[in-house]
């Protein structure tokens, strides 16, 4: 760090790793003195605002255009952040009602104050969006509020939120407009009885019955929120399992845990009709393979069947940007489209639709623009399902390793044998590590635990630097911590765990 600090004082670019050429300081020679920007970013979500800040840090004159009126995109405004706020609040209520007495904390009664819960969520969102605006000012990013569309490969016309219009010019334009809720045939989202994740975060009363269409990350998280507050949850999923991308062994334990909490699952089932004409909602279901129809009633239905790239109204056809059959913008390894000077990142391009993946795209994209070498390894992007317990993973599942034909070892360690988990009376779950048999290189790590999302990053670093299970096993882990289960699972790949 002393060398890096010295380099910064002298105004040099600091490269932390030859693998990524991650530049921390200004890149000289790009900033323009004219009205033309070096970089224009359309979209102020996780990918867009991070790209804008990084571009400015690299010395590029930068403007970010955002139609919402607040920065942070879907994730911060109506997605990741408000959902985590409600997940935490609902978990506190559930613990107070069902678990505090076990720890000697007793109440005469526990009640939900939903307006106060929503206010706490909104406060968290407001503070964070204002924080990003502060970061824009700190880094001298020009912020234009309005809806942008291409008029040429180097010009974006913006209908501003104040009602005017301005044209923003840029040498390099990055499309970071994110994604929108994927609709289902015959299902109309009105955000009252039939809601998207946005509507599910703004319900004004706790429904007695909630049907979730789709057993992916978002559907299970939202189902968990309302389930903890007393709602009867039924999840309808077309596939034969929940979260199909999850390691099968972990998935089975996860589903059992959710069922134990009261969630009901109708797998291999499709929704063929939704009737909202009555007081509630009546769904018509049939087996995915075809067969007799059945009905299911609910007060509210959450449509959580995935997301689709949001590029409507951008004028991509006007400048000739190529997309695939489902509307994703096609880019090369430098995030460049087929149109010179136009780039795309995040949910609008192929790859996992994750906020942190979009952030990495944004950093790498502007590094390429600045003449550096950006790097995102999509095989090593962690994923987390924020339920209770959480499930986190990075790298390959056991099924994927088998498909590769690689000989491997498996190390597993249950939290029932972890001292910290037992001490806090929250010992559900496990750590599972997959390592190549010949080299001991870690191939994948899967964790089901109350704080799996925090624990997974030790594994992410290990995968990023091609570490072995022995490397993790030889790192001293503080006692007592949940992280010791990761060390024990690493030792278990050699059948040598200490505490089981």
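Cβ from N, Cα, C; glycine included.
No curator has checked TrEMBL annotations; they are predicted automatically.
Around residue 479 (active site, proton acceptor), a 10 Å sphere centred on its CB holds 10 further CB atoms from the protein chains shown. Residue 479 (active site, proton acceptor) falls within neither a helix nor a strand when secondary structure is assigned with DSSP, and so counts as coil. Among the features that TrEMBL reports, active site, proton acceptor is placed at 479.
Marked as FAD binding site by TrEMBL: 84, 148, 177, 178, 179, 347, 353, 354, 355, 356. In this view, residue 353 (FAD binding site) is surrounded by 18 other Cβ atoms within 10 Å of its Cβ, with every protein chain counted.
Annotated disulfide bond per TrEMBL: 75-80, in sequence order. Residue 80 (disulfide bond) carries a helical DSSP state (H, G or I).
Here TrEMBL flags 38-362 as domain 'FAD/NAD(P)-binding'.
A mean pLDDT of 98 is what the model gives for the domain 'Pyridine nucleotide-disulphide oxidoreductase dimerisation' (381-490). TrEMBL lists 381-490 with the feature domain 'Pyridine nucleotide-disulphide oxidoreductase dimerisation'.
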When distances run from the Cα of residue 177 (FAD binding site) to each of the recorded positions 75, 80, 479, the nearest one: 75
Composition by DSSP (helix, strand, coil) of residues within the domain 'Pyridine nucleotide-disulphide oxidoreductase dimerisation' (381-490): 40 helix, 33 strand, 37 coil
Candidates 179, 353, 355, 479, namely the recorded positions, that fall within 10 Å of residue 80 (disulfide bond) by Cα distance: 355
C-beta crowding around residue 75 (disulfide bond), within 10 angstroms: 22
Most crowded position, judged by CB atoms within 10 A, among 177, 179 as binding-site residues: 177
Residues near residue 355 (FAD binding site) in space but at least six apart in sequence (CB under 8 A): 45, 46, 47, 73, 75, 79, 80
